[in-house]
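> Please find one structure pasted underneath; my questions will follow.
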Amino acid sequence: MCKRKFASSAFNFNHEMHNLDLPLSSYFRLSKNSIFAVAFECASIIYILYFTQVSVTSLSLSLDLLFLFGCSPDLHRLVLIRRRTWLRSAASISEPCHVSSHGGCQCSDHHERSPHVRLFPVYYSFRSAGFVLRLLTSLGINPQFITFTNVTMESDKYICVRETAPQNSVVIIDMSMPSQPLRRPITADSALMNPNSRILALKESLMVKAQIKLHCRLIHLDSIFGQNWALKTTSFLDEAQLPGTTQDHLQIFNIEAKAKMKSHQMPDQVVFWKWITPKMLGLVTQSSVYHWSIEGDSEPVKMFDRTANLANNQIINYKCDPSEKWLVLIGIAPGSPERPQLVKGNMQLFSVDQQRSQALEAHAASFASFKVAGNDKDSILISFASKSSNAGQVTSKLHVIELGAQPGKPSFTKKQADLFFPPDFADDFPVAMQISHKYGLIYVITKLGLLFVYDLETATAVYRNRISPDPIFLTSEASSIGGFYAINRRGQVLLATVNEATIVPFVSGQLNNLELAVNLAKRGNLPGAENLVVQRFQELFAQTKYKEAAELAAESPQGILRTPETVSKFQSVPVQAGQTPPLLQYFGTLLTKGKLNAFESLELSRLVVNQNKKNLLENWLAEDKLECSEELGDLVKTVDNDLALKIFIKARVTPKVVAAFAERREFDKILIYSKQVGYTPDYLFLLQTILRSDPQGAVNFALMMSQMEGGCPVDYNTITDLFLQRNMIREATAFLLDVLKPNLPEHAHLQTKVLEINLVTFPNVADAILANGMFSHYDRPRVAQLCEKAGLYVRALQHYSELPDIKRVIVNTHAIEPQALVEFFGTLSKEWALECMKDLLLVNLRGNLQIIVQTAKEYCEQLGVEACIRLFEQFKSYEGLYFFLGSYLSSSEDPDIHFKYIEAAAKTGQIKEVERVTRESNFYDPEKTKNFLMEAKLPDARPLINVCDRFGFVPDLTHYLYTNNMLRYIEGYVQKVNPGNAPLVVGQLLDDECPEDFIKGLILSVRSLLPVEPLVEECEKRNRLRLLTQFLEHLVSEGSQDVHVHNALGKIIIDSNNNPEHFLTTNPYYDSRVVGKYCEKRDPTLAVVAYRRGQCDDELINVTNKNSLFKLQARYVVERMDGDLWAKVLDPENEFRRLLIDQVVSTALPESKSPEQVSAAVKAFMTADLPHELIELLEKIVLQNSAFSGNFNLQNLLILTAIKADPSRVMDYVNRLDNFDGPSVGEVAVDAQLYEEAYAIFKKFNLNVQAVNVLLDNIRDINRAVEFAYRVEEDAVWSQVAKAQLRDGLVSDAIESFIRADDATQFLEVIRAAQDADVYHDLVKYLLMVRQKSKEPKVDSELIYAYAKIDRLGEIEEFILMPNVANLPNVGDRLYDEALYEAAKIIFAFISNWGKLASTLVKLKQFQGAVDAARKANSAKTWKEICFSCVDAEEFRLAQICGLNIIVQVDDLEEVSEYYQNRGCFNELISLMESGLGLERAHMGIFTELGVLYARYRHEKLMEHIKLFSTRLNIPKLIRACDEQQHWLELTYLYVQYDEFDNAATTVMNHSPEAWDHMQFKDIIVKVANVELYYKAVNFYLQEHPDLINDVLNVLALRVDHTRVVDIMRKAGHLRLIKPYMVAVQSNNVSAVNEALNGIYVEEEDYERLRESIDLHDNFDQIGLAQKIEKHELFEMRRVAAYIYKKAGRWKQSIALSKKDNLYKDAMETASQSGDCELAEELLVYFIEQGKKECFASCLFVCYDLIRPDVALELAWKNNMIDFAFPYLLQFIREYSGKVDELVKHKLEAMEVEKAKKEEEKDVVLQQNMYAQLLPLALPAPPMPGIGGPGMGGGFAAPPPPMGGMGMPPMPPFGMPQMGSY
């Protein structure tokens, strides 16, 4: 049998296991539910296939591996297939026998050679962009949504899953963050994530009109979603939409922007869609294909119509080539009739340019770009895979063809290859194809998980294997790694690619396809083909095929031939005349293939420069064909400086670049470039150089330096001094102004410096700088002195800080702008400002007054108004005070300030301003101002008039003007200023005894403008009213209606007794109250006239009471008809009430003819509660013949008053009076309990209903009421009687009365009363009458109920068949509740209330009918009720029928189970649950509950049930049940299934007689989480199964602490028992294990194993072991002790033991390894003493490095052993002579180096002298090499570049391009 290693170079299967350090067998025993399961199964297949390739006998080994790895049943089936079936493959592929290292084949005689599919080095890294073997279900995706229609993956960036339960949502999985899926509540029929960006496309169907199912014939084909494709409804071909039956709404959203990008409503259903590019969606309908761009507002564009071969196909893919010129649409359909199991694939290829389609048979296709030799443009290839059946023959092909071949150019030759499907995969077919552009490989993936790998260029088979045990339905390209992603039905995301390290060696070695191996290596830049490429290159070179050799070298993988040796090889070839030199051919090939490396670039450029073809270099550099280097730049610099600069920049040769810029004087570019590359040039030298030729450029350069990161490399002082030394004031200023912008404290001296130099030379510049305010840290006193000297007084004032300095400068007002001076005062303190203001006023009061006033105005708040006023008053400057206060007056409310302003204005002659302020101001002191103005005696009295008029000093004003003979101002004031104050003026003039003529004239001059009332008041106070007679009459004649005018005129007429009654009764304008009051003392009668005219009630009542005028008062009160007035005079508190009533009764009312007056009087009496007086009055008016005898209101009032005051008169009044309100009075009588009077009133007015109500409700005589009803025969009367009878419980009589009344309104009360009285026969009569009146549900319902109560079921059936409005459900429930089940059955049956009918039938014991009704009801509640009733009645067959409908509901299952168990029906319950297992809706609860029942009542069935339905059980619940019932074996199994391995292991160990199984326990114990269980398991096996303890320990080897295990066994005394285990784990080099094993080996005297253990594992007590065995009786054991001493460094002890046992060789080796001269020499002496001459010679050889020559010679000479020492001497002499030669050589080389160094130092000194000559005289020379200086950033340890700070000496400028050119 061939023995092969699994980890060979030809096969490398990489598992990413999260760095779990587990043995291989442990890996494959992980749960199939874990995320690693698929990888392990695939690995198992690979193991099996690998071993089945070898021989038939190896099949058993593969089976062992199969069961060891714990694979699925599918893999068992695969392995049991005959070996030849597995090995059958394409005839073109065969594998040679593997030859052993001895050159012979190790195969057995029966080894067979046959073609087969070998495992190529493709590895599976089941990860998806950051997660390993990710299961979609682990991200919360429900497995039912892992389907072709719900999952989309458009690229390696996103996976999109559409869920419809428990709610509609879309889950987006970012492959870079797979553990954080984005879940959004979105309802859509399809969702696609954009391949590149976070853009989501959604499709939603708006309407579905019809669907048609395509019924497929039964085919034995595993579908993409499971097995039995034709039997499942979720296959590819399950449903297809009819064309045009659905409209789809398409939307595109930007998730990051949270915005909708586009939307469109397709008129046809989109059956498939896909992102064909990141900017384009492909939409496939039933008939056409559209493209929809996401850019702009464009709508979908139709590309082509679907061909006939795709009709009724399920579209599974749509692709386009990179140029979008070729499109391919792929679909699948049911197979042909002769082989329906094989799904048919159809493809439509469409050319956009030609607008033509071609129909082909294919299942999968993909586009690729390929560069054909000799064609400069890429060719577009299409590869497609097909599998078809023709005449029973299945053909599987892979085709690769070129599309749109370019005329006249080399084209791609069509390729095809067979796809081999093993027999078990005969009906499998390709579902996806991906092309790796990185490696040029074609991946074909089939539905059942097979992967085929082919070479794109040759269509050569490279690999085949099954990568997934579950169907794969979706793939996507993983372009970055040259592989692909795949998603299978289990939800695993798989990633497959090639193993770069092993694929090329495998193809070349195992496949023996050297050409393919080389092509793969070149194409993917892969390792492994180095020897082949070199060998091929040598062959081509030897055959003088230089062009082919050059192409091979150019394309050599990893550039293995791109070396100087290759170039030399081509250079060495002689050039043939007329032919291109091989070297140029080589370089030309390299240029066409790509970029040259540094050495190749240099050599090619050398050739070009020698031929003076500079333009070629420029072109190659522009095309980036050359790798730039310093050597290349130096070479090119000899012919072109510009081109050399480009090369230096690209090569980042910084010193050379800086030198080149310096030569071109492009110093600004030096800074930019130096910053970019991090280089530090000599900035000071650069600045000095620029200063000589371009001062402004120097400024710019200095500014650029100042802005460098990390600060300016040259001190600002140094730079400034450079400018100043050359008298460049402006440049220095410009530089300093720019660098000092930050205004830092550390720049104070520079700020002072820039101000000093400009104040001395350019003061205006300094002034501008100071005005800018950009500096704040300079020397202010120094700058102030310079400013004063320069005449900048304002700047001097701003900078001086002492008051004497300020006073000295501030008086120069002639040279200072007034505004600037005013602003300066704002910067001074209050005291200093006032001092300076005083000085200015002292120096020049008139000239500086304006400045002082302006200053005071600006800063009055800071200086204080009072201080400013005092300042002006101190210098008696009223003018200044006037101007200052004038600006402040509008904002001040200080009376003193306003007065001072008036005073200043008056003293400066500003009379108009005085008049204005007195008129407008509200804040001056009026008394003080009035007195000041009177004292000032201004010629104009208007200011005084303003003050007196505004503040009420009119009498004073009048007196002042009259006494000063200013009568003109009095007239002007009265006439023009304020006529309203004329009465005060008149009064004061009367007091001043002014002539009446002047006063009358003054009054008449004002006339109507004069207020009459105050004027009359003023005259009346002075008894001069007659003075106004003429004035008042004049006003009346003018038509004045002013009440005051007529009041005054009336008073004058009354006093003159000039017919006052006429005036009082005829004048409508006077005030009655005023004039009446005026008349009271003169004539009360006149006062009554005035009051009566004005209706002055209170005044009239008072004056009549006071003067006993009651008759006048009574007449006035009756005539007024005012309730309030009546209430006042009839008030009991009024002592004159009786006198007034007598006058009213005797005089006022009899005289009145007005009903209103009488009514008002009556109401007043009633209000005053005077009933007796009112009755007398009314009897006199009503009962006696008067105008009011028949008055309706008075009759009502009389009866009502009698009812209230004297009820005995009421009946008499009722009989005598006819014109009153009968209904109202009757109601009042009822309220007054005068029932007979009320009955008489109602009868009198024929109010029969009210009359019978009085009999029923008040008199309470039903018999009289019945008699009255018979007499009147009115329905309303009978109705009232019926209601009363109903209230009194006379239900039958009431029903008869209601029927006579034909009243159906009270049916609710009648129904209620009849039910209470149980008179349902009468109720039926009444309800039949009511039904004729109205259609009420209540009536019909109660009629049915009444029929039921009197057992008239026939009437019920007839009634419900007739039209009715009865609430039958409620009636039925009521009948059911009251146990009227027969009637209820009729109702429920009629209304089809099957649930209630079933319950009713149960009550009637009709169980079969109840079950039938429950089946129709199909309600869980009904089923439970019937079920429980059947159980109670022991109708178990019917109960089971019900129970099967209940237990499918999870919530009701437990209730049913408890009901059965509580009644002891265990067998019946188990039978019910067993029957429920076969239900379509059987759920986990049924399986779990049955398991619990088995655990309780039928233990023998429990294990079988668990194993059969382990995936459908609620394992935790069943675990509890098994634990309670103590079923340990089953409990263990459940723990394992639930991944609770700790509990499983504990259960096994605690209940081992029942639960222990060795193989099962091994599987369990490796998965437990509690490490203590490992050691518990060790003790368990030690006690119960010691023979198997090593097997368990081997399984736990990677998990247990070996030291602890050894301690446990040592304490138990059974350490030997675990020797195999300790041997297996000794590789871990654990001290306890090593010592235990060593002890066992010593006891067993196994010195070989002991020696091996010591060599391999050194972690033990070496000295202890050596001491233990150094006296062992066994010779080899003592030798081991010596060996241990040697390893431990105890050389003497080791040598002593070796000498003791005559182990001289061991002794010599020990001495040699010790490195101790003394030990070696002592051993020599020992050998001499023992006479061992040969040992002496051997020791000299072994210990050669330790033995001193003189000692060796001495010992040999003394003991006559020179011959034995002579070999040693020869060796010693040869060695030392060689050392001397080497020292001489090194000495000579050192001298040469020293000489070269001196020459170099000499050159440096010469260059520095040249640099010193270029320096300006004003600056020191730069520092010497190694010595730091200013501006150099510190010292440098190494010497500077050849140019003293630049990299090379200065050179004359040449024309070079700008920096931007590079």
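Just so you know, glycine gets a Cβ as well, placed from its N, Cα and C.
Okay, these came from TrEMBL:
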DOMAIN    500-523  domain 'Clathrin heavy chain linker core motif'
REPEAT    707-853  repeat 'CHCR'
REPEAT    856-998  repeat 'CHCR'
REPEAT    1003-1142  repeat 'CHCR'
REPEAT    1149-1294  repeat 'CHCR'
REPEAT    1298-1439  repeat 'CHCR'
REPEAT    1444-1590  repeat 'CHCR'
REPEAT    1593-1736  repeat 'CHCR'
TRANSMEM  34-52  transmembrane segment
> For the repeat 'CHCR' (856-998), what does DSSP give as the number of helix, strand and coil residues?
112 helix, 0 strand, 31 coil
> What does the DSSP secondary structure composition of the repeat 'CHCR' (1444-1590) look like, as residue counts for helix, strand and coil?
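Computed counts for the repeat 'CHCR' (1444-1590) are 115 helix, 0 strand, 32 coil.
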> DSSP on the repeat 'CHCR' (1298-1439): how many residues come out helix, how many strand, how many coil?
110 helix, 0 strand, 32 coil
> Per DSSP, what is the helix/strand/coil residue tally across the domain 'Clathrin heavy chain linker core motif' (500-523)?
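Counting residues by DSSP class gives 17 helix, 0 strand, 7 coil.
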> Summarise the repeat 'CHCR' (1003-1142) by DSSP state, stating how many residues are helix, strand and coil.
106 helix, 0 strand, 34 coil
> Over the repeat 'CHCR' (1444-1590), what is the model's mean pLDDT?
90
